[in-house]
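Novice: This is the structure, below, for whatever I ask next.
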Amino acid sequence: MVIAVYPGTFDPFTRGHEDLVRRASNIFDELIVGVAQSPNKRPFFALEERIEIAREVLGHYPNVRVEGFSGLLKDFVRKNGARVIVRGLRAVSDFEYEFQMAGMNRYLLPDVETMFLTPSDQYQFISGTFVREIAVLGGDVSKFVFPSVEKWLKEKTGKTEGSGKSE
């Protein structure tokens, strides 16, 4: 049984993230979506909210589970018995950072492989940062996130679609 971990902050969980989960879940026996605490970032949603959002979106995948974690990814991977770390590469600009991270993970976890997946064409430009910025300004994010995530964003920002004003 091959277990993989797909780690990230998922702030918020986008259609691009789901695209990678869908595809990775077809490759591995079990896929664990690891929602990272990320103390160096200032997340828009709290860890518990990000876990709940990801579970709402991914609940229909029988071989996918969502768990939060803090600390080192290597410890989370070991705890879950994973043999593969899945990472997404949207653009060439992601490659340098992800390549360095894969090298460090190989050093820390020599028996664990990193697998890069590129998103489907329609999701290559989506990033959580862009989605948050659009949502905060009251823009339409429905093409980038699932309806449940859009609801979370509207509740968090107090913005109505397209108005740029608070409700």
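Positions of Cβ are set from backbone N, Cα and C atoms, glycine also.
So Swiss-Prot lists these for the protein:
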type	residues	note
BINDING	THR9, LYS41, LEU73, ARG87	substrate binding site
BINDING	THR9, PHE10, HIS17, GLY88, LEU89, ARG90, GLU98, TYR123, GLN124, PHE125, ILE126, SER127, GLY128, THR129	ATP binding site
SITE	HIS17	site 'Transition state stabilizer'
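Provide an account of the burial state, proximal residues and distances for the features listed.
Specialist: The 10 Å shell around the Cβ of ARG87 (substrate binding site) contains 20 further Cβ atoms across the protein chains shown. Classification of ARG87 (substrate binding site) by DSSP places it within a strand.
The C-beta environment of GLY128 (ATP binding site), restricted to residues of the same chain at least 6 apart in sequence and closer than 8 Å, consists of THR9, PHE10, ASP11, PRO12, THR14. In this structure, GLY128 (ATP binding site) is part of a helix by DSSP.
Around HIS17 (ATP binding site), the same-chain residues at least 6 positions away in sequence with a Cβ under 8 Å from its Cβ are GLY8, PHE10, ALA54, GLY88. HIS17 (ATP binding site) falls within a helix when secondary structure is assigned with DSSP.
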Novice: Over all shown protein chains, what is the count of other CB atoms within 10 A of the CB belonging to THR9 (substrate binding site)?
Specialist: 17
Novice: Which number gives the other C-beta atoms within 10 angstroms of the C-beta of ILE126 (ATP binding site), all protein chains shown included?
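Specialist: Other Cβ atoms within 10 Å of ILE126 (ATP binding site): 20.
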Novice: CB neighbours of LEU73 (substrate binding site) within 10 A?
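Specialist: The answer is 20 other Cβ atoms.
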